[in-house]
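Record features (Swiss-Prot):
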type: DOMAIN; residues: 6-240; note: domain 'ABC transporter'
type: BINDING; residues: Gly40, His41, Asn42, Gly43, Ser44, Gly45, Lys46, Ser47; note: ATP binding site
Amino acid sequence: MAESFVRLEHVFYKYEDTEKYAVKDVSISAQKGEWVALVGHNGSGKSTIAKLLNGLLFPEDGLIKIGHFVLSEKNIWDIRRQVGMVFQNPDNQFVGATVQDDVAFGLENHGVPHDTMVERVESALNEVGMQSYALHEPARLSGGQKQRVAIAGVLALQPDVIILDEATSMLDPRGRAEVMETIRIMREQEDITVISITHDLDEVLFADRVIVMNNGEVHSEGTPQEIFEQADAMREIGLGVPFIIELQEKLVAGGFETGSTVLSEGALLDQLWKLNSNN
C-alpha cells in the first residue's frame with residue numbers, strides 16, 4: 001500500500017483554560033486523491049483536526065505530516081501551500097471587488113507572476129463553472145455560487161489537499177448539491193485529497209472513507225456502507241443516518257425485504273425490483 005499523503009499519529013490537543021482534550025490520541029490518514037469525511041456531533045474534535053491539518057493549531061503531542069513535511073513552526077508555510085481550506089460561511093471569505101479579483105487574491109500573496117495568475121484564475125473558474133461570473137460582485141451571487149468561487153480561489157493555488165470545514169452547512173439543498181458536484185469533479189480531474197468536516201450525513205455518502213469522531217477520539221472508521229450498516233451505533237453517539245438508510249429501515253419494519261444496505265435511491269429501487277421479480 002502507498003504511503004499516506006496526510007497522516008496524524010497519536011495527536012493530542014487541548015485549548016487553553018480547559019482540562020479536557022479536544023483531540024485525544026488520534027491517528028488517522030488519507031491517501032493521495034482520497035475523499036475522507038470526518039463526522040461527529042459538536043465538540044467531537046472534527047473541526048479541531050481541520051485546524052491542526054492547516055497549521056492554524058499545533059498539537060500538544062503527536063505527529064502531523066502532509067506530503068513530505070512534518071508540521072512544525074519551521075515549515076508551516078510549506079504545509080499551508082499544500083493545504084487549502086473552504087470554510088462554513090462564504091460571505092466571510094471574500095476580499096475582492098469582483099469574482100476574478102477574489103480568486104486572484106491568494107495568488108498575489110504567493111507572488112505568482114501576472115501572466116501565470118491570469119491563466120490560473122481562468123482555469124479555476126472554468127473548473128467550478130463560474131467563468132461567466134468573473135466580473136460579477138461576489139455579494140450578488142447565491143450561496144452555492146459563492147462557495148464555488150471560494151473553491152476556485154483554493155484551486156488556483158494548486159493545493160494537494162482541500163479541507164471542507166462544514167462548507168455546505170449554510171447552503172440550501174440546491175447550493176449544497178452544486179458544491180458537492182463541483183468537489184466530486186475537481187477531485188477526479190486533479191487527484192486532490194479531500195477531507196470534509198461535516199455533520200451532514202447525506203454529504204458523507206460522497207466520501208471513499210468515513211471517520212467518526214466522538215469526544216475527541218476516533219469512534220469508528222470504514223466505507224460509508226460499513227459505517228451506516230451500524231446505524232444503531234451511530235445513534236448511540238448522537239448522530240443520525242442518511243435518508244436512504246432510514247428509508248430502508250422503514251421498509252424492513254413494514255415487512256419488505258430490501259437485501260443488503262445500499263447508499264442511493266437508484267440502487268435501492270434496483271434491489272427491490274430484483275427481489276420482487278424473484279418472488
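Cβ atoms here come from the backbone N, Cα and C positions, even for glycine.
Neighbouring residues of the recorded ATP site, listed in sequence order and excluding Gly40, His41, Asn42, Gly43, Ser44, Gly45, Lys46, Ser47, comprise Thr48, Met213, Asn214 (Cβ within 8 Å of the Cβ centroid).
The number of other Cβ atoms within 10 Å of the Cβ belonging to Gly45 (ATP binding site), over all protein chains shown, comes to 23.
Reduced to three states, the DSSP call for Ser47 (ATP binding site) is helix. Note on the binding-site residues Asn42, Ser44, Ser47: the fewest other CB atoms within 10 A surround the CB of Asn42. Neighbour counts of Cβ atoms within 10 Å were compared for the binding-site residues Gly40, Gly43, and the top value is held by Gly40. Around the Cβ of His41 (ATP binding site), the same chain contributes His199, Asn214, Ile237, Gly238, Leu239, each under 8 angstroms and 6 or more positions distant in sequence. Taking Cβ-Cβ distances under 8 Å and a sequence separation of 6 or more, the neighbours of Lys46 (ATP binding site) in its chain are Leu38, Val39, Gly40, Ile197, Met213. Model confidence over the domain 'ABC transporter' (6-240) stands at 91, taken as the mean pLDDT rounded to a whole number.
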